[in-house]
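Novice: Below are the structure tokens for one structure; questions will follow.
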Amino acid sequence: MLKFRIRPVRHIRCYKRHAYFLRYNHTTTPAQKLQAQIEQIPLENYRNFSIVAHVDHGKSTLSDRLLEITHVIDPNARNKQVLDKLEVERERGITIKAQTCSMFYKDKRTGKNYLLHLIDTPGHVDFRGEVSRSYASCGGAILLVDASQGIQAQTVANFYLAFSLGLKLIPVINKIDLNFTDVKQVKDQIVNNFELPEEDIIGVSAKTGLNVEELLLPAIIDRIPPPTGRPDKPFRALLVDSWYDAYLGAVLLVNIVDGFVRKNDKVICAQTKEKYEVKDIGIMYPDRTSTGTLKTGQVGYLVLGMKDSKEAKIGDTIMHLSKVNETEVLPGFEEQKPMVFVGAFPADGIEFKAMDDDMSRLVLNDRSVTLERETSNALGQGWRLGFLGSLHASVFRERLEKEYGSKLIITQPTVPYLVEFTDGKKKLITNPDEFPDGATKRVNVAAFHEPFIEAVMTLPQEYLGSVIRLCDSNRGEQIDITYLNTNGQVMLKYYLPLSHLVDDFFGKLKSVSRGFASLDYEDAGYRISDVVKLQLLVNGNAIDALSRVLHKSEVERVGREWVKKFKEYVKSQLYEVVIQARANNKIIARETIKARRKDVLQKLHASDVSRRKKLLAKQKEGKKHMKTVGNIQINQEAYQAFLRR
């Protein structure tokens with residue numbers, strides 16, 4: 001007879017409790033708690049702000065302290081440059097891409113809860129497009145000045161940009177804990193140069209957190225106005241910045257100007273007319289944290305399934321697809337144009353196809369880099385890369401060299417020249433090899449236009465003479481000299497050709513000022529200029545990848561330097577090699593590498609005179625033929641060495 005053992009009923013009750021526990025866990029996710037916290041804060045308690053500062057004045061450190069005080073990050077952890085996500089940002093101490101972080105803060109004076117959005121912006125002029133979009137998302141900004149250095153060039157440039165956009169500015173002096181600082185002097189600089197009231201200035205130490213919670217956070221609450229958007233209007237968002245994720249595609253940093261948007265909503269971009277579905281949505285806290293919705297006044301991220309970061313146009317308006325006709329596009333959109341170009345070629349032509357795929361992947365994360373294929377008669381297939389400015393080019397070039405090292409030949413940077421023809425047409429030239437030569441100029445060209453910049457430099461007075469001489473030798477035109485204080489700090493303004501700026505002007509400035517000068521600049525438009533194309537010729541054949549466009553006054557000096565330098569890297573041949581520099585169809589410099597002689601008489605008897613003459617004549621004729629029809633072999637290492645500074 002079979003016996004059955006019945007299990008106690010209590011096991012079933014245990015399973016029920018377990019199931020109930022799982023349901024409870026599901027309904028209280030961190031994202032939902034976060035969203036519930038946001039819902040309880042009214043729009044008038046939102047504060048969107050950024051930090052305006054020169055390099056190394058403590059912007060990233062102050063950001064870290066704010067995140068710690070508002071409990072976004074653990075104050076006990078070793079926090080350093082939390083908002084600087086890119087490796088190059090951490091290495092150079094600069095911000096390249098705009099970042100944001102949401103913070104919850106309870107005002108101890110009133111007990112009210114506030115939602116703060118810190119928008120960390122790039123400070124350099126190359127990324128001024130990102131800066132202006134970031135500022136447009138803010139109600140105010142912290143104007144941060146280093147107590148040991150005072151006002152610097154980048155501080156001035158970013159102050160005027162923020163001021164022109166109507167931002168409420170909070171002047172803050174950082175590093176007041178250092179013994180060798182003169183806080184009173186820096187206060188005078190701020191009052192005299194920016195006309196801000198002295199009583200509004202706050203002294204802090206971002207490193208130790210001194211006065212950050214006690215004075216700075218209350219000032220952000222009291223002085224910066226809340227966002228002015230309308231929650232009841234149709235949804236529209238300003239696209240502030242974007243970055244590329246290998247799994248999600250382009251991730252968009254957006255400011256919700258009006259209305260609200262939820263996950264799975266159908267949206268459209270005003271400039272590209274492309275339609276998308278919201279795949280993910282949330283805030284940066286400090287990394288991506290899904291919340292399911294964003295509403296008026298918030299700054300957060302959207303994932304729309306964009307496969308290419310170039311689909312994300314900075315300054316574009318994102319709207320609900322169903323309410324396009326009811327929604328007004330946000331003003332001020334402007335496509336960013338590259339201002340510095342370089343050529344890049346694989347040292348071994350066989351690797352072009354593999355490197356082409358790698359190059360395409362590299363530019364995915366930086367929509368402002370333009371990439372076009374080009375072919376050089378000397379270096380083979382390659383690419384022409386366009387950048388926003390000299391720092392942008394330098395950062396990307398550094399990345400290329402880290403990735404590929406000696407596998408890549410990168411030409412000298414050049415700027416776009418505007419050619420005005422006699423028939424009234426205009427053409428922008430970004431490749432020096434395409435620049436009209438002397439013969440074309442005499443027939444078809446009315447004028448050449450060169451891009452200029454307005455440079456702002458701050459430096460100690462003792463280096464003023466050296467810096468003025470440097471600017472004058474680079475075809476500079478002085479605008480203004482301002483003495484910032486009695487301690488000898490000077491602000492110098494100059495018009496300079498952009499071509500000189502990209503030719504290591506900043507390095508030369510640091511050299512003549514022993515590292516004490518700072519530089520910032522802005523676009524000053526095009527001017528008519530007497531520029532010509534300089535070509536390097538080897539046995540009469542121009543090396544297209546090495547062509548440069550220079551002012552007429554510099555051509556002879558650079559031409560002589562070129563031929564001497566290139567001669568060092570070209571090996572001797574069996575025939576004579578002539579290296580020349582040509583401009584306006586005239587040879588302005590020449591160097592000759594003598595032929596390497598082969599001993600054809602080695603096996604002859606000393607008395608065989610007729611045979612000797614015959615062999616020497618044959619050798620001479622052969623060399624002449626080789627020079628006429630043969631191509632000189634120049635190693636890729638020669639090009640790399642020549643292009644190296």
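Numbers here mean position along the shown chain, with the first residue as 1.
Glycine too: its Cβ is placed from the backbone N, Cα and C atoms.
Source: prediction; values computed, not measured.
The domain 'tr-type G' feature in Swiss-Prot is assigned to 44-228. Residues annotated as GTP binding site in Swiss-Prot: 53-60, 120-124, 174-177.
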Novice: Once the DSSP letters are reduced so that anything not helix or strand counts as coil, what is D56 (GTP binding site)?
Specialist: coil
Novice: Tell me, if you would, which residue among A53, I176 (binding-site residues) has the fewest other CB atoms within 10 Å in the structure shown?
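Specialist: Looking at the binding-site residues A53, I176, the Cβ with the fewest others within 10 Å is that of I176.
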Novice: Which of the listed binding-site residues (K59, T121) has the least company, meaning the fewest other Cβ atoms within 10 Å of its Cβ?
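Specialist: Ranked by other Cβ atoms within 10 Å, the binding-site residues K59, T121 bottom out at K59.
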Novice: Taking DSSP three-state, what's T121 (GTP binding site) in: helix, strand or coil?
Specialist: coil
Novice: If you count Cβ atoms within 10 Å of the Cβ of D56 (GTP binding site), leaving out that atom itself, what do you get?
Specialist: 14
Novice: On the 0 to 100 pLDDT scale, where does the domain 'tr-type G' (44-228) sit on average?
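Specialist: Averaged over the domain 'tr-type G' (44-228), the predicted model reaches a pLDDT of 85.
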